[in-house]
Amino acid sequence: MEADWDELAIVQLPLHGQHQPATPVATCAFDTVQELLWTGNNYGRITSFYGPALERYTSYRGHAPAEGTVGAVKQLLFTDKGVLSISKHSVHYASRRGLTQWHLTSADFKELQCMNFTSKGTREILVAGCQEKMFKVDVDKGAIVEDLATNAQYTIMKRAGGYICAATNSGGIHILDSGSLSVVKIFEGHTGSINDMDAKGDFLATCGWSPRQQFGFMLDPFTHVFSLKTLKQLPPIPFHTGAAFVRMHPRMSTTAIIASQTGQMQVIDLMNPDSANLRQLNMYDTYLSGLEMAPSGEAFVLSDSNAHLHLWGSPSKVCFPEYSNPTEFADAVVPPPAMDWSIDTPLNTVGMPYYKEHLLSGWPSHMVFEVGAPPPKIDPTILNNMTRTDMGFYAKNPKTKRRNQVEDTRLSDRGNESLTAPKFLSEKARAAQSSSESEQRMAETMETLTDMHLDDVTRKDVPAMYGNVEIKYSRFGVDDFDFAYYNQTPYSGLETHITNSYANSLLQLLRFTPLIRNLALRHTASPCLYESCLMCELGFLIDMLEKAAGLNCQASNFLKTFSGLSNAVSLNLLEEYAPNVALTNMIQAFNRFLLEKISTEFRQMLGGLGGTSMMDQVLETQARATMRCAQCRNEMMNEGRTFVNELVYPAKNIMKNARGPRPTFSQILKSSVERQDQMKGWCNKCKRYQQMVQRNTIQTIPGVLMLNAAIQSHEAKLLWSIPNWLPQEIGIIVDQGNFYCFEGQDLKLHLQRGAFDIMVYELIGVVADINSGEHQKPHLVATINTAPSSRGANAATEDKWHLFNDFLVRPIPKEEALRFEPSWKLPSVLTYQLKAARGKIDDAWKDTLDTSILYRWWSANPSPPASQFQLLDPSTEAPRPGYPVAIDAEFIRLQSEEIEMKADGTRETIRPDRKGLARVSVCRGEGLHAGLPFIDDYIAVAEPVVDYLTAWSGISPGDLNRDTSPHALVSLKHAYKKLWLLLNLGCVFVGHSLANDFRTINIHVPRAQVVDTVDLFFKPALHRKLNLKFLAWCVLKEQIQGGMHDSVEDAVTALKLWRKYQEFVDAGVLEGMLNDVYATGREIGFRAPGSGVPGGGHVKTGSAGASGGGSEPGGAEKPEVGLTTPKKASTFGRVGFRSPMRAPGS
C-alpha cells in the first residue's frame, strides 16, 4: 500500500426487491481478464461493477433458492469466456454479459461450498463442500466428469503451484495434488474452523476460530503461515485484534495483508514479521465481512455488514488485472440526423422510415384473438349484505341472474369513462346542413342527456346525465368545444379542467342561496383588499355566473386562492395532496372550512366592532354546551357555535329493528343539532377525569342551515334510499334551549295552530356523491331548486329543480332530484334556507361600490410621468355606463399542457396549459386624455413560471418578482377588482381578441359592454380573422409591435381602429373597406410588412381562426394598396392620437 492509496468508490448491492432491506455481500472477486469486480449475494444474484468508479455492468440470477434455503453464492472463478459461480446445490457458468452457458445441478449436490481449477487449467474444476463427495466438472461441457470420495468436508479451496489447499470444517488444512487429487499433507490449523485462507507461490496463510472459555468461539490473535515448498509450518504472525481475513500480494510473493473485523489492517513481510505496516479503517457502525485483492496488486476491495463495497487503491495507478481485455458494452443509440427546421421548411423533406419486413402493428386481423376475460364483478347487493363467519363471508342470493348464467365481462369492461363528447364547433361549421337537420340533431342530443325514462324514479340504472363530463380540445383550444351541447338553460356551469374543481358543486349551491349570495356580493363591493379573501372571490364568482346567464364559466381565481391557503393542505382539502381521500369526505370538510373562513372574513370588515355580524346570523348556530359529571352530577357550561351540523344516525340495532318505525329526517336533525355525547372530561368538583355527559342547548338558529350528511354505515344509506324521506320543507321551533323539528303533516298542523313561533325552512339543494359505474371516477354533482333565487314574482312560482354536473346543466323533476340510491347516488351536503328569504335578491351593492381603488396610487414606487400614466379624476372622469375604456392584457404560462400521443400518432390534449395574468393596461376611451392609461398594473407572481412568453407578452424574467421588478407590482386580486368595478359601473371595453383575455382573467363581460375589433373587421364568409398588427398597418397606416409587445400600445391601437370603424360606418363605406383590407391581406399573406415571425401579429392563444402576423419569407415588403378611406378629421384625443408610451416621432 503506497502513500497515495485512498478510498476510490463505495457502492451498495442492489436490493433484493421493493421495500426489502439491503442484501449482504456473500462473496466478491476481481476478474482476472477484464476491469470488472464481481459480487454474489445470499439470493443467488451475481452483480458486476466496471472500473475504479464501480459502475453497474451486469446483474443476473445464477442460483435459485432451493426448498427451505436460499441460493447464496459461495465462490466465483473466471475463465476467458465467462464466470463460474457455486451455491449449495448448483454450479453456474455464464458469459460476462449475463447469458447462461450452462447450469449444473445434481442430487449429490447437498452442501457445496468451494471450487478451484485442477491441473488442466480453466478447462476443469474441482467442486467440494461439507459432504462426503467432491466432483470434477468439465467447464466446456458443463458435465460431471468424475465423483471422488473425500476424507474431510471442505469449506475453502485455494490453488498454488501444483497443490490445491483445502480448508476443512474442523480447522485443518489438506494439501491436495492438483493432478491426482490425493492428500499430500495435513496441517492442524485452528482448533475451531478456518475463516479465511490464501495461497500464493510457496506460502499458505490462514485465519480462523478457536474456542474460549465462557466466550464461545473467538478469532485467533495470530495468522498461521505454512511453506508449500517444504510442507512445514512457519512461525505464526501475531495480530492481537483477531485476524479475520488474509490475502497474499499477487506480485510480492512474501507480502501478505491481514485484516480484522473492526477495520485494522496490517501489511507484513512473511520473512520479516517485525516490520509491519499498520492501517486503521473508519468503520463507524459496521464491521468487515470480506477482503479481496486485485490480480494486479493495485487495488483491494472490502465488504461490510451494511452491504457496501469499498474500493481502495492509488487513483493514478489503479487497475484490476495486470493486462486486461476490453470490456464489451451495449451499442450507443444513434442520434437522429440533424435538420435545419424552420417554418418555411417543406414537410416533404422530412424523411420517413422504410421497412422491408412486416411490422407487428400490421398483424393480420384474422390472426387476432381474445384470450381470457376479466373476472365478473361481484354484485354490490351481495357486498352490502355480507355476513362474516370463520370460513369467510356469505350473503343472500339476490337472484339477479339465472343459475349457471355466464356474464360477458368483456362487454361491460368496455364502458365509456365519460359522456360522448360532441363535435367541435369548427367541425360543425364545416358540416353544417339545413337548419331542420341541425334542430333534429340537437333534439336527439337533449333526449340522450334527459333520459326520458326518468319518470320511473325507482330504476337503479345510472342516467347518462350523471356521468363524468370531460372537455375535449382541438387545435383551436377550448373555444372550439361545444358547451351548449350540455347546457341550454339560463344557468351557467363550471368547467372541470382546473385543479380542485371538485368544489364546483358546493359553489353552485352557495350561488343559489340568496342570503349567502347577497352578503358575498355586498362584501365584494366593500374596500376589502386581502389577497387570500375567499369571500371576495366567492362574490366575484357569483357575479360572473349571473352575468354569464348560461355560458360556461370557470372558478379558476377562487380555486387558485383556495389552493394557496396553507391550512388547506393540512386539512386534506387539496386533491393533489390527498389523492386517496373520498370526495364526499373532502367536500364535507371543505364545507366546514369555507363557511368558517367567509364568516371570519366578513367580520374583518366590521372595523373591530364587536357583536354578531350579518354573516353569523345567516350561518351560525349558537349553542350552550352543558357537561354533567356522571359521578357528582356537577354541571359546567361552555358557549359554542357551529356553521355546519353533522347528521348523527341512530345505532345499528335501532335501525335494524323492523318492528319500530323508521326515524324521520326531522328526528335525525333534532338529535344531530342537540347532539348528546358521552366522553372523558375534567370535573372541577371531583378534581379528576370522569365520565361526562354533554348536551347542546340551542340558543339561536341561522337563516341558512348547512348540513353534512356524514353517511358512514349501510343502514344510513338504506335510510336515504326511502322515497320522499328527505322533506322539501321543515319547521323548527327553538324554545328555552330546546330544539324541535317538524315535517309533513306535523308541520302543517303547527302552522294552522299558530301557537308557537315556528320558522319554516325550504330545501335549496343537495351536493351528491356519484359513483356512476365501474369504469368511471367518482364525482360530485348538485341538484338545486333555482326558484328561491329567482327575482321578484318569479320566485313565487313553482319549484324549478336543475342538475349541475360541472358544465352539464339541465332541468330535472323534483322526484329525481331528491331520489338517492345506496349503490351510486348519496347526499354529501344539504342546504336549507328560511322560506321567508325566498326571492329576496339584493342588488343594492351596485349602488355602494367602493371605487377608491381606481383613484389612488397603491405602490410605494413613484408614479410614472403624467404624459405616460394618469389616474382618473373622480370629479370629472368617474366611470359611468357607456364610458369606453381600451384594454389589453399580457399573460405568462404557469403550467404546460398535458398531451397524450395515441397509437395512430395523433395528439390529444388532456389538460390545456394554464396561463396567468402578468400585465393589464386600461386607457381612457374618450375626452381630452383619450388613449392615456389610468390602469397599468404588473401582477406579482409567487408560483413558478414555466414560460414568460416574452416575444408575445413583453414580460421578462424578474418583471413579476417583488424583489427584482422595476415595476410597481400589485396582487392579482388588486388588478382584478379594478376591472370588476369598471364592469359593474357600466364601462364599455374596447380591445382586440378580448374573449380569450377575459377568459384567462376569469371575468365575464356581457356582449353589450364589449367592442372587439377582431369582430368589427371580419367577414364571416371568408372564415379568417385579422391580427392587430396587420390591421394597424393596413387601416391606420401605422407600424406597431416593432420590438417587445406593449399592452398600452395594443390597447390604444384597438381604440383607434374602433374610431376608424365608426368613420367607415358613418361614411357608408364599411363593406368596400373590408373588401379592400382582405384583398390587401391576401397579397401579402395577412402579415404587416417588416414584421418577424415570432412576434408577428398580436394573436391571442386559443382564438379560433385568428391568423398570425409577420412578414413574408424573405422579408420583401409589398407596396401599399390604395384604400377608399374617407377623409375625415379625428374629433377626439390629442393631436395625432399617438400612444403615450411611444417617443415623439416614432
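Keep in mind that glycine also has a Cβ here, set from the backbone N, Cα and C atoms.
Noted in TrEMBL for the protein shown:
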- 399-423: region 'Disordered' (REGION)
- 404-416: compositional bias 'Basic and acidic residues' (COMPBIAS)
- 492-835: domain 'USP' (DOMAIN)
- Asp888, Glu890, Asp997, Asp1050: divalent metal cation binding site (BINDING)
- 1089-1146: region 'Disordered' (REGION)
- 1092-1113: compositional bias 'Gly residues' (COMPBIAS)
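A map of TrEMBL features onto the structure.
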{"residue": "Asp888", "record": "divalent metal cation binding site", "CB count, 10 Å": "30"}
{"residue": "Glu890", "record": "divalent metal cation binding site", "CB count, 10 Å": "25"}
{"residue": "Asp997", "record": "divalent metal cation binding site", "CB count, 10 Å": "24"}
{"residue": "Asp1050", "record": "divalent metal cation binding site", "CB count, 10 Å": "27"}
